[in-house]
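Engineer: There's a structure below that I have some questions on.
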Amino acid sequence: MLASSSSVLRRQHFLVRSLCLGGYGNRKRLHDIRSMAFDTEAENILREITPPLDPSKYKGQAGKVAIVGGCREYTGAPYFAAISALKIGADLSHVFCTKDAAPVIKSYSPELIVHPILEESYNIRDEEKEQISGKVLAEIDKWLERFDCLVVGPGLGRDPFLLGCVGQIMSHARQRNVPIVVDGDGLFLITDNPDLVIGYHLAVLTPNINEYKRLVKKVLNCEAKDQDAHQELQLLAKQIGSVTIMRKGKSDLISDGDIVKSVSQYGSPRRCGGQGDILSGSVAVFVSWARQHSSATGMDSTSQMNPTVMGCMAGSVLLRKAASLAFASKRRSTLTGDIIELLGRSLEEISPAC
Ligand SMILES: NC(=O)C1=CN([C@@H]2O[C@H](COP(=O)(O)OP(=O)(O)OC[C@H]3O[C@@H](n4cnc5c(N)ncnc54)[C@H](O)[C@@H]3O)[C@@H](O)[C@H]2O)[C@@H](O)CC1
Ligand SMILES: Nc1ncnc2c1ncn2[C@@H]1O[C@H](COP(=O)(O)OP(=O)(O)OP(=O)(O)O)[C@@H](O)[C@H]1O
Ligand SMILES: [Mg+2]
């Protein structure tokens, strides 16, 4: 509905209909035109859901997000996710990480609010575990309701005690209807415990190729395939029940079990680590904005796209644009930080602030 107002898209739909009548040689062109139409739609959605910079607004209204992640090994991933959320326009970005990781993450940026509350097994004795997990939950419970979206997993690690605590955090967030983007090691957690997200319509899973393969194996009990990727993704989302999944790759495929969308806009040939983390932080912001937009326009849920799908499309198209601008200037030395620096310019080019 958002996109159909665009004359560009109408023309693309006309071309798609015309090519449908063509033969074998037209298939690739048809595919390319469909991809262009989806990319245009993703940009239109981004424009539509991005809130205006209104002087009457107060701090927090443009979004408060929290990342649950960061441990002894990984401090970059939660930082990338949290700072990307701010660079796109969220007002506040929190990180809930282990005690070891907190001073490091704080030292990257004074903009982030960092809570050193998580514990890994190596740091505690068996008899302390119950009391410590109670403390972790009590600490995060004080904050949960204030967040518009939680990102669970960037740089979380796979320590069993820590993952047990994070599973409980997810259950509490779910009880309070806080949207949850599950990425990185959060996907490792839910692949072992799918009940954490089964049936939760505000859960968004953002698997990379490996994480997707593990999810398919667990839920569909088969190997992931490249042919029929759309149908497979749709089936996976349906089988898990109500969740939205974005399968990252050459094209990002997005499905909530009802519809399947893809974003294929050219990004960058550099595959440096951390780009998925930018995406998870960005999706958290866009899902919050899409939900705000949906409730402000008052349209019923049948007449417009699922806000979680809109958030994924907007996040994907923005990351790809920033990655392509970064690559144009930094070429082979492009790093995740270079892409983050271009999120603002990319957003400005798609949806100018004033
Ligand atoms: N600077 C940082 O702190 C970063 C930390 N990260 C964190 O690292 C943890 C593990 O994430 P990973 O993404 O490594 O986990 P994966 O399970 O995706 O990757 C595990 C291994 O598979 C390999 N692999 C990746 N793509 C592949 C492909 N297409 N085909 C075959 N093998 C492939 C990787 O090189 C890696 O060694 C997560 O917590 C994640 O958030 C990453 O986000 C990257 C940046
Ligand atoms: N082969 C590819 N061609 C073009 N873009 C890609 C390709 N693979 C991934 N991407 C882009 O990079 C983004 C991050 O995906 P990726 O698979 O690198 O995530 P990830 O492995 O979780 O990253 P991270 O290192 O942050 O954990 C995706 O949104 C996608 O747009
Ligand atoms: Mg990742």
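Note that Cβ sites are derived from N, Cα and C of the backbone, with glycine treated the same way.
According to TrEMBL:
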{"type": "DOMAIN", "residues": "42-350", "note": "domain 'YjeF C-terminal'"}
{"type": "BINDING", "residues": "GLY155, ASN208, ILE209, ASN210, GLU211, TYR212, LYS213, ARG214, ASP277", "note": "(6S)-NADPHX binding site"}
{"type": "BINDING", "residues": "248-252, 267-276", "note": "ATP binding site"}
Engineer: Note down the number of other Cβ atoms within 10 Å of the Cβ of ILE209 ((6S)-NADPHX binding site), including every protein chain shown.
Structural biologist: 11
Engineer: Can you give me the same-chain residues 6 or more apart in sequence from ARG270 (ATP binding site) with a CB-CB distance under 8 Å?
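Structural biologist: Once residues fewer than 6 apart are set aside, ARG270 (ATP binding site) is near ALA323, PHE327, ARG332, THR334.
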Engineer: Near ligand 1, which of the binding-site residues show up if the criterion is a Cβ under 6 Å from one of its atoms? Options: ILE209, LYS248, LYS250, ASP252, ARG270.
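Structural biologist: If the test is a Cβ under 6 Å from any atom of ligand 1, the answer is ILE209.
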Engineer: On the 0 to 100 pLDDT scale, where does the domain 'YjeF C-terminal' (42-350) sit on average?
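Structural biologist: Value for the domain 'YjeF C-terminal' (42-350), mean pLDDT as a whole number: 96.
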Engineer: Of LYS248, SER268, CYS272, GLY276, which is closest to GLY155 ((6S)-NADPHX binding site) if I measure between C-alpha atoms? They're all binding-site residues.
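Structural biologist: Smallest Cα separation from GLY155 ((6S)-NADPHX binding site) among LYS248, SER268, CYS272, GLY276: GLY276.
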Engineer: Quick one: pull the CA-CA distance for GLY274 (ATP binding site) versus ILE209 ((6S)-NADPHX binding site), whole Å only.
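Structural biologist: Just about 14 Å between their Cα atoms.
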Engineer: Among GLY155, LYS213, ARG270, the binding-site residues in the record, which have a C-beta under 6 A from ligand 2?
Structural biologist: none
Engineer: Where the criterion is a Cβ under 6 Å from an atom of ligand 3, which of the binding-site residues LYS213, LYS250, ASP252, CYS272, GLY276 meet it?
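Structural biologist: What lies within reach of ligand 3, judged by Cβ under 6 Å, is GLY276.
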Engineer: Just jot down the residues in the same chain as SER268 (ATP binding site), at least 6 apart in sequence, with C-beta under 8 A of its C-beta; none if empty.
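Structural biologist: Long-range Cβ contacts: ARG320, ALA323, SER324, ALA326, PHE327, THR334, ILE339.
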Engineer: Sort out the sequence-distant neighbours of GLU211 ((6S)-NADPHX binding site) for me: same chain, 6+ apart, CB within less than 8 Å of its CB, listed by position.
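Structural biologist: Those within reach of GLU211 ((6S)-NADPHX binding site), by Cβ under 8 Å and sequence separation of 6 or more, are GLY184, LEU187, PHE188, THR191.
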Engineer: Based on DSSP, name the secondary structure state of LYS250 (ATP binding site): helix, strand or coil.
Structural biologist: coil
Engineer: Please name which of the binding-site residues listed here, LYS248, LYS250, ASP252, is nearest in space to ASP277 ((6S)-NADPHX binding site), Cα against Cα.
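Structural biologist: For ASP277 ((6S)-NADPHX binding site), the spatially nearest of the binding-site residues is LYS248.
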Engineer: When a 10 Å sphere is centred on the Cβ of GLY276 (ATP binding site), how many other Cβ atoms does it contain?
Structural biologist: 22
